[in-house]
Structures are given as C-alpha cells and as structure tokens.
Amino acid sequence: MVLDAVGNPQTVLLLGGTSEIGLAICERYLHNSAARIVLACLPDDPRREDAAAAMKQAGARSVELIDFDALDTDSHPKMIEAAFSGGDVDVAIVAFGLLGDAEELWQNQRKAVQIAEINYTAAVSVGVLLAEKMRAQGFGQIIAMSSAAGERVRRANFVYGSTKAGLDGFYLGLSEALREYGVRVLVIRPGQVRTRMSAHLKEAPLTVDKEYVANLAVTASAKGKELVWAPAAFRYVMMVLRHIPRSIFRKLPI
C-alpha cells in the first residue's frame, strides 16, 4: 500500500459515507495519521455534510464527497472511477446496508428485494470493482462489514441474515482470489453495535460500541487478518450455534 513512513494509509474510501461504524473506522485511522478521506454516499443524504465535517475535525488531510447509490449498480463503475481519480486508494471500507423490520421483510416482496439488492448485490458490485482497481495497483486493503447474523441465519431476522451470509461468503472468497495480487480483504462479523440503525432494538448480550469495532478493524488489518468477530467472544458463541440441530435451534430464544 501507499503508506506513510510509519505504515499508515494515505487514502481511505468509505462506501456508505455516513455509516457510523464506517466513520468510526476512518476516525480511528486518522488517530494515527492525517489521510485523504473519500466518502461515497447518497447525494440527498442529509448527514453527508456533517460526516465530512466530522472527518475534517478528526484530522483528515482532505475530504471528498462522491455520489453513491447502492441500488443503481449501473452507476457503480463511474463512482469507483471517481473515488480513484485522485490517486490510489489504500483502504476501502464497505459499510453500507439496511436492517429493516424483520417481520415486515419476509412478508413484503418489494422491501425484501430492496434489502437483498443493497446488502448483497450492491456489495458484490462494488467488491468486484474494488478488486479490479486494487489488483491493478498491486496493493490495497478492503474491509467488509458482515454480521454474526449471517453466520447461521435465524428465524428472528432471516431475510437480513441471509443477505449478510451472501456478503460474507463473497468477501471471504474475494480474499482468496486477491491473495496472489497483494490485495488483502478483512471480513468483520459484529453482533449488535450501538448505532442509529439498532437504536430501536433491545440490547443483546455482547453488544459493543462502534469505537470497539473501529479499533478492531484497524488493528486486525495491520496484522493481516482475514476474518474477525466483534467482540471476539462471538467466534465461540457462533461455533456452538453452527452445530446445533435445526430441531433444537428453532426453539432457542434468539
């Protein structure tokens, strides 16, 4: 990667430019060194200017806003070109997505398709484009925000969980495909994180703050890791849940 003298990235791209977790990761990188931050978000997102201001206040060398509509996959090549037009991108964070109402999603075809297109199809679209660019660079780090919900899909939120299962599988495979080209991929599987998106939910065990996820993302990337859980204990929880028979699993209060 194009790093400074002590190994910090010079350019960070955030796909989902107003994502609280994504911005926390950017800010964590800025704690180490000033960097160019590129925020890709909806042109009418009311939080985009505040996000840019927060990055400047956190110490960004410069902040660029580019338009990104996850649903408009035909526009993604042009968006990625714009993101790389100012030079190589060292770190790209894929942190956009919807949660939705779990019970409504499986009973509403339009909303089910929408969340699948945003959480999975769009994530694949930008992943392929990022891989192409970083492969040409010969370096780069992709950080993909997955979810513990995708590791074993539960009845409680199976539409959302299934989209994250797809994203998770794609980026783990992309990690293998890019290994020989000097490009790294980190998949993060958080449980519940305290953000706007989860504010209406009852807090679950092992819930963490976005700053915890951000610190994990930066430190795990620096160590060359490919898959981490947030918190780490979720790895062992999911290890057990993955092997519980369906007849028993469906009776668990999760």
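Using the three backbone atoms N, Cα and C, a Cβ is placed for every residue, glycine included.
Annotation comment: Swiss-Prot describes Asp67, Lys164 as NAD(+) binding site. Counting Cβ atoms from all protein chains shown, Lys164 (NAD(+) binding site) has 23 others lying within 10 Å of its own Cβ.
What Swiss-Prot records for Tyr160 is active site, proton acceptor. Within the same chain, residues at least six positions away from Tyr160 (active site, proton acceptor) with a Cβ under 8 Å of its Cβ are Leu98, Leu99, Gly100, Ala102, Leu105, Ile115, Asn119, Ser147, Ala149.
Long-range Cβ neighbours of Asp67 (NAD(+) binding site) (same chain, at least 6 residues apart, Cβ-Cβ under 8 Å): Ala40, Cys41, Leu42, Pro43, Ser75, Met79.
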